[in-house]
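Per TrEMBL, these features apply:
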- 420-442: transmembrane segment (TRANSMEM)
- 468-603: domain 'GPI ethanolamine phosphate transferase 2 C-terminal' (DOMAIN)
- 470-487: transmembrane segment (TRANSMEM)
- 493-511: transmembrane segment (TRANSMEM)
- 532-550: transmembrane segment (TRANSMEM)
- 605-626: transmembrane segment (TRANSMEM)
- 646-666: transmembrane segment (TRANSMEM)
- 701-720: transmembrane segment (TRANSMEM)
- 710-905: domain 'GPI ethanolamine phosphate transferase 2 C-terminal' (DOMAIN)
- 726-743: transmembrane segment (TRANSMEM)
- 752-770: transmembrane segment (TRANSMEM)
- 798-821: transmembrane segment (TRANSMEM)
- 842-867: transmembrane segment (TRANSMEM)
- 882-912: transmembrane segment (TRANSMEM)
Amino acid sequence: MFIDLQFNVVFVMQELYEIPPSFDRLVLMVIDGLPAEFVLGRDDRPPSMVIEEVMPYTQSLLASGMAFGYHAKAAPPTVTMPRLKAMVSGAIGGFLDVAFNFNTQALLDDNLIRQFFNIGWQMVMLGDETWLKLFPGLFTRHDGVSSFYVKDTVQVDYNVSRHLGDELNRTDWNLLILHYLGLDHVGHIGGRSSVFMGSKVKEMDEVIKMIHLSTKQFQDNDQGRTLLMVVSDHGMTENGNHGGSSYEETDSLVLLVGLKPKASDYQLVTHSTIHQVDIAPTLALLFGVPIPKNNVGMMIAEAFDSLTDDQQLRILELNSWQLLRLLQVQIPGLSCGSLSCDVLSNDQWLGITECNGSDEEMLCCLFANAVVLHKSWKSKKISRSNSGDEYHMTVLAYDNFLGAASKWLSGRATYKPAGVLIAGVAAMVFSCLVFIGLLFWLDQEVYPCKVCHLSDVKDIVLKCHFDETYVLAIIFILVLSMGSSSMVEEEQYIWHFLTSTFYLVLLRKAVQSLIARTRQNLISLIKGQNRSSYIQVSSIILILITGRIMRGWHQGGVNWAHLPDISKWLEQAGRCYVKSIQLVSWVLIMSLGVYSLFSLQSKKYSAMVIGLTFLVPGALVMQHIIEYQDTSFAASSYGSNSTVQIIYTLLGVSTLGAFFGVPWLMPVPSPKILSVHTGSLSSNFLADLRMKFLVVGFRDSIYVIGWAYIHYWCLLQLLLQQPTNSMPVLFLLVQILAGMYYCSKGGIHLKHFAYVAGLYYLGLAGHFALGNTNTLATIDVAGAFIGISSHSTLLSGILMFIITYASPMLALLSMVMYMAVKETCAPVNAQDVDIGHFLKMTVSFPCLVPLGLNSIVLVAYTIVLLLMRNHLFVWSVFSPKYLYVCATTACVYIGVSVVSLTAIYTSFVFAFRSRYVAVLHQR
């Protein structure tokens, strides 16, 4: 009964289509990450000699006209899941699919796999388990593998090929999907030029040969015709990454093997360009199933050369009807029948370029052109032998409508309901105003007492607030630049310039202040009382020098990423140079960590004990660098994974130990010592004792905890970052410490929000100095699997986030230590102060300033994205940038949460300990 129903469905479809299926079976071979230029060449140049040598069979098919190759333009984001959806549904995905790529859900939109299932096809899937998540329960047999464990370049493909021989000998399937992941993984680990790339491409050539010979044998035995379609979901950059919109990432492959052999120019069969969404209507029409209703692609004409003229025009007509129905859904009330287009006059073609007006009118006119010409051609049955010109005119008319409709619909994918968008933006604006209002209120409450630390030196420079104004101007300059796609692509230049300018302003102010003081009091110069001012100037100069070096470490961006930089020079110089840089960075980071703890004013012995806890994970990191870490390939051996997992455990336990243990174990000076350091106590001795105990103990503990956060974070980055990035990690640490020292010396007046903003800006500039950009292609996927022996979406996602946001998070974690080194203007009358007021004066600025600045950027860029939703680069530039803005927001909230929880917990511990000390003193 079921077989009869199947036959009836197929028969009805053939009757409606008036075209029999061209093939009986389909083998869809997906080679993940294969750039089309590897097979077809680029810009009228053939593929490199190396590729021709490792793909001899595929090249012979192309040269003989037995295969047709296309450069298929993939729409961003160029990651696997949305690209597969585009192939089988013909629909343009959104950038939210980037998030769903790591947690794929079933595809509910109309698609080819569901269409094949509905007509009773038996389908087999081998390879990437993304197919199983997209189409659960539709495959008769399957063997899926994880696509995210990029360290596996062998087993992941062997798991597919080991079933291939058996499946090719079977006759119980109609669709065989093979999704090979090894080439993509090789790219992630070693880039396009990896020494393993040639052998992997050769392996794929052998698979193509095996499939083609098998399908030929079946056809020779009259067992049906099989179409082999070899595709890639996306390409890859030189570094092997993908996700963005560069040519290297969007240049995917479509190779059709099994069509009617056609002797033609080699350039013609290898240099045609299509869109990836064109795959869906082509396969639907070749196999006689309905075109997916949300398809925006147009069929590949060469795939239907074996059909008659009638059938080819019918194919074009079906594709046009489908796109017209989609247009009518997108444009309510669209009725092309009401438009009259004078396209024929005395049976002469007048040209479709006369179609103009609004988009709706032009699309209807183009469709009417094609319909009228098609009807005219069908009415001339007797004289068709002489109507070749009219046939080509009709094909051209359909092509023009299909091209225009496809382009319009692809752009329409950015449309969203205006009401929902306005409500969301209004909520974000309200949140932003709340943060700004809190900052303004806090600033007014804190700075009435700002004179408590001002110098008596009458220097006009101290009255100038240009530096504070410039701190705010930076964020608004950034907001203004967001409307330019070029500025978004090259945002790193904005951050490097603005941050350097801010510290140049501080340098000018520090030098002017130093000169003014020196002129006023030469005796202080002789006695060395201006030593701290000199060190302040030196710290700013150190920030500027390291910032300039980091600026040249990675070119970054899009337009100039190919230019030479320090990281490229190190990679070319060889492994020994990179290893030396790593070891020098490790030694300096460890030295700074231990030395900084000895700067505590009290109990250096306890600081020494805490410093020893830095050495164990640090030694293991050095061991991993020396024994396992390589400039090209992440280690995948058991020993490496074990070492890294131990490091993760030690860093996690040490961080939690510092958070929970230091406030309880940190010794605090006795009341007598406190009285010596702070002068005479107030009349209310117990209240004053508790307040001084809280302040001194809190600052010492926060200093140690903050440095533990920073040190462990830097060790983690030495482990996870690309080897060439070890020195920028050190420079980031140096900049943070130099900025911290400048903040701790209150000789030059600068409001707290300006100090905090300056540190936060250092973190954002460092984000780009580590090689990050606003494209998804620079995300280090390979590093996210260091120390992981099997795929875990959660763990690899966390590591990917840690690698990408290493610099902003380091700046946020430094706020913990900032609270210890930067004195606040808290009232000194202990009777009027409670713990809540103490926390407000200590924690508010380090938390609210990053939240407020980020909120301004988030709101502004949301509005920019809405205004640019119809922009040509909305998917390639503005959408990926918005993902980064959202991820940065998550980073800020995580960092601020750590800072606030640390301060609150530590203050409550010392409040408890101060009460206990007060009770003991009373006794």
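Just so it is clear, glycine is given a Cβ too, placed from its N, Cα and C backbone atoms.
Contact between the transmembrane segment (646-666) and the transmembrane segment (701-720) is supported: at least 3 Cβ pairs lie under 8 Å, counting only residues 6 or more apart in sequence. Only pairs six or more apart in sequence are counted, and the transmembrane segment (798-821) with the transmembrane segment (493-511) gives fewer than three Cβ pairs under 8 Å, not enough to call it a contact. Here the transmembrane segment (752-770) has long-range neighbours at 439, 443, 446, 467-468, 471, 474, 491-492, 495-496, 498-499, 502-503, 506, 543, 547, 550-551, 553-554, 556, 721, 725, 728-729, 731-732, 735-736, 739-740, 743, 805-812, 814-815, 818, 822, 824, 845-846, 849-850, 853, meaning same-chain residues at least 6 beyond its ends whose C-beta is under 8 angstroms from one of its own.
Only residues 6 or more beyond the boundaries of the transmembrane segment (726-743), in the same chain, are considered here, and those with a CB under 8 A from a CB of the stretch are 506, 535-536, 539-540, 542-543, 546-547, 549-550, 553, 581-582, 584-586, 588-589, 592, 596, 710, 714, 717-718, 755, 758-759, 762-763, 766, 769-770, 806-807, 810-811, 814, 817-818, 821-822. Using the rule of three or more Cβ pairs under 8 Å, pairs at least 6 apart in sequence, the transmembrane segment (470-487) is not in contact with the transmembrane segment (882-912). Across the domain 'GPI ethanolamine phosphate transferase 2 C-terminal' (468-603), the model assigns an average pLDDT of 81. The list of residues near the transmembrane segment (493-511) in space but at least 6 beyond its ends in sequence, with Cβ under 8 angstroms from a Cβ of it, reads 461, 464, 466-467, 470-471, 474, 477-478, 481, 487, 533, 536-537, 540-541, 543-544, 547-548, 551, 557, 742, 748, 750, 758, 761-762, 764-765, 767-769. Residue counts for the domain 'GPI ethanolamine phosphate transferase 2 C-terminal' (468-603) under DSSP (helix as H, G, I; strand as E, B; rest coil) come to 106 helix, 0 strand, 30 coil. Same-chain neighbours of the transmembrane segment (420-442): 753, 840, 844-845, 848-849, 851-852, 855-856, 858-859, 862-863, 866, counting only residues six or more beyond its ends whose CB sits under 8 Å from a CB of the stretch.
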